[in-house]
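For 1-76, 147-161, 203-208, 308-431, 492-501, 550-560, 676-735, the entry in Swiss-Prot reads topological domain 'Cytoplasmic'. Taken from Swiss-Prot, the feature transmembrane segment applies to 77-97, 126-146, 162-182, 184-202, 209-229, 287-307, 432-452, 471-491, 502-522, 532-549, 561-581, 655-675. Per Swiss-Prot, topological domain 'Extracellular' is recorded for 230-248, 264-286, 523-531, 582-618, 634-654 (among others), and the stated evidence type is sequence analysis. The intramembrane segment annotation in Swiss-Prot covers 249-263, 619-633. Taken from Swiss-Prot, the feature domain 'EF-hand 1' covers 325-360, and the record attributes it to sequence analysis. Positions annotated as domain 'EF-hand 2' by Swiss-Prot, on the basis of sequence analysis: 366-401. If you look up Swiss-Prot, you'll see ASN460 marked as N-linked glycosylation site, on the strength of sequence analysis.
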Amino acid sequence: MEEYLLPGESSNSCRTRRRSGSIFDRRDAIAHGSAYQKAAALVDLAEDGIGLPEEILEGASFEKAAELYFMFTRFDFLWSLNYLALVVLNFFEKPLWCSKHLAESCNNRDYYYLGELPFLTGAESLIFEGVTLLLLIIHILFPISYEGFNLYWRSLLNRLKVILLLILVADIVVYILLPADFYYLPFRIAPYLRVVFFILNIRELRDSFFILAGMLGTYLNVVALSALFLLFSSWLAYVFFEDTRQGKTTFTSYGTTLYQMFVLFTTSNNPDVWIPAYKDSRWYCLFFVLYVLLGVYFVTNLILAVVYDSFKSELVKQVADKDRLRLRTLKKAFSLIDEANNGLLNEKQCTLLFEELNKYRTLPKISGDDFKSIFNELDDTGDFKINLEEFADLCSAIGLRFQKEDSLPIFEACPNFYHSPASEKLRGFIRGATFEYIIVFVLLVNLVAVIIETTLDIQNNSGQTFWQKVEFTFGWLYVIEMALKVYTYGFENYWRDGQNRFDFIVTWVIVIGETTTFVAPDDLTFLSNGEWIRYLLIARMLRLIRLLMHVERYRAFVATFLTLIPSLMPYLGTIFCILCFYCSLGLQIFGGIVNTGNPNLAQTDLAGNDYLLFNFNDYPNGMVTLFNILVMGNWQVWMQSYKELTGTSWTYAYFVSFYLISVLWLLNLIVAFVLEAFQAEMDLEASARCVDGDDKEAKRERRRNVGTKTRSQRVDFLLHHMLRSELTECSNDNP
């Protein structure tokens with residue numbers, strides 16, 4: 001299916017080839033290496049989507065700045081963990097309404113229908129906030145050391161982070177010093193800022209919100225047109241049904257009619273809302289059918305089309321900006337090699353670059369004749385030299401066609417043992433297909449065992465105990481599999497694969513959980529009850545989905561599904577952050593209203609539908625409630641009930657705005673993106689099956705673009721394929 005840069009030789013063929021000497025760290029290469037070592041490291045950085053500010057690349061203190069930059073990035077895991085902790089704090093923080101003088105303490109969870117997550121005490125919360133704030137300050141301000149204050153402050157993003165950091169510090173100080181009784185409406189800005197910092201420092205999330213900000217004007221315009229349609233339809237319905245049973249019972253005023261017609265626009269109260277009119281005359285259904293058809297199948301889809309068109313325009317700008325950043329980094333690498341400053345590289349210079357790139361990518365050993373054929377193929381102008389554009393194509397081909405070089409396993413410290421004949425034979429077996437077939441067989445047997453154990457459990461059969469022990473044995477078999485793979489590949493190389501990360505986490509949770517289940521006292525019901533282990537075992541067997549990749553008719557669909565998951569993560573993360581914002585707002589507006597002692601609660605639809613657990617009294621419950629509203633399951637129940645409990649129609653603004661942002665905007669955006677991304681993936685799969693019939697230009701395009709290795713590269717390639725015509729126009733407009 002793939003056509004390799006070297007005829008008849010795959011990049012994977014030399015994956016196990018060991019090189020003499022140590023692998024050069026690109027941090028050291030940029031800071032202290034030769035011109036070719038620096039250029040190779042910059043090429044690797046560019047293909048990984050990492051870029052240094054352009055002013056640093058062109059500055060005299062480039063090496064020192066790069067050294068500080070890479071020292072900073074060594075702690076990326078710590079920074080990411082801290083931002084995750086900021087969001088997690090919202091889930092465990094005690095709600096502000098609990099600090100008021102209440103007739104019943106909020107420690108009475110049943111009284112307030114609270115969730116099961118424990119609240120942090122005041123001291124614990126303060127320590128948590130203090131530690132995360134300290135790490136946040138270091139992460140935000142450290143870039144000044146390698147960018148310099150002037151360059152750092154020139155960035156709008158950096159200025160925004162510093163301003164928000166000062167606001168967060170002020171919020172914490174005020175919260176500590178002022179008593180809770182000072183607030184008429186308990187309010188803190190910290191829960192919102194934590195999510196904002198999470199967004200600003202996760203690049204994919206930040207890019208998604210920047211795209212949404214760019215298309216906000218277009219979205220508001222189309223929403224305004226939809227509002228005119230709703231206002232006119234509601235007025236028409238109010239006048240038309242004024243003297244009917246519908247007007248006397250449901251459309252009693254224009255405001256009520258507008259509310260009911262808006263809910264009907266979402267189809268949540270269809271056909272309940274127009275049953276009175278239907279009882280009077282069956283012909284009245286024509287009005288409502290026409291309204292639903294126009295609203296749902298025309299206006300909503302019109303919004304979808306306009307929103308997605310605006311989204312693509314903003315996405316093109318963002319992808320083009322990333323391409324320009326990558327090109328600037330490659331331009332710096334090109335200038336390091338082009339010592340004569342004539343804008344061209346000859347064959348010898350490219351050969352030296354390939355040798356240095358071997359330290360970062362897995363490349364076959366290239367003979368002189370082989371390299372000449374590669375050089376001639378990449379030399380589009382035919383002048384036996386490569387310019388910057390051709391150099392960028394070369395780097396793209398390397399980045400897409402070849403995998404990252406494996407790091408040396410820790411076991412290399414004992415070479416006599418690790419490279420003994422027995423060890424080499426074992427590692428060869430683990431790398432082979434036979435070992436994978438054995439694991440698949442174990443998974444299938446495990447699946448049968450789970451089915452039998454589940455069936456016996458449902459039947460309350462005593463034989464279930466035996467099969468639980470069998471499942472326990474399977475858990476340790478997976479540990480052995482994991483240990484063998486770590487021994488063979490090294491942990492860093494093992495962890496690089498997404499499936500291995502999933503297996504590693506689930507396997508250890510299963511084993512620790514099963515062990516705890518067997519040794520825990522019976523009075524600890526949650527630990528001694530092994531029911532939850534079964535679901536983890538079922539999750540472990542999701543690996544069987546990959547078997548479908550070997551079935552021709554399913555391969556394209558499964559491959560597309562696996563590629564779409566990382567493509568969608570930024571947009572799903574955007575919805576999660578919107579839920580966080582609205583959850584914090586919901587806690588501060590509606591917190592504590594739903595409780596057993598509220599006399600108005602029994603008359604609401606929340607009580608009538610047994611929805612009392614879905615409330616805004618704590619963060620976990622609030623997130624679940626917003627999810628229910630997001631999927632439009634009787635969402636008007638919460639809107640109307642909280643309006644009755646608060647006694648103000650301003651409650652509608654909270655729920656209507658959530659609908660406009662999350663459902664009408666973001667969910668429609670995701671649906672449209674999935675449709676186009678799926679079509680793009682199917683096109684790529686079809687083109688891959690037609691290699692033999694393609695012309696030379698198409699082959700060259702695939703040579704430069706297919707075969708992505710990492711998740712980010714797959715997503716980047718998919719976006720470039722989806723937006724190829726728009727990106728071409730953009731590049732023509734901005735030469």
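The backbone N, Cα and C atoms fix where each Cβ goes, glycine too.
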ASN460 (N-linked glycosylation site), Cβ-centred 10 Å count of other Cβ atoms over all protein chains shown, is 7
Summed over the topological domain 'Extracellular' (230-248), the DSSP helix, strand and coil counts are 15 helix, 0 strand, 4 coil
At a C-beta cut-off of under 8 Å, are there same-chain residues at least 6 beyond the transmembrane segment (561-581) that contact it? List them, or none. 87, 90, 191-192, 195, 198-199, 202, 204-205, 207-209, 212, 623, 626-627, 630, 658, 661-662, 666-667, 669-670, 673-674, 677-678, 681, 711-712, 714-715, 718-719
From the DSSP assignment alone, can you count helix, strand and coil residues within the topological domain 'Cytoplasmic' (147-161)? 13 helix, 0 strand, 2 coil
By DSSP, what is the split of the topological domain 'Extracellular' (264-286) into helix, strand and coil residues? 16 helix, 0 strand, 7 coil
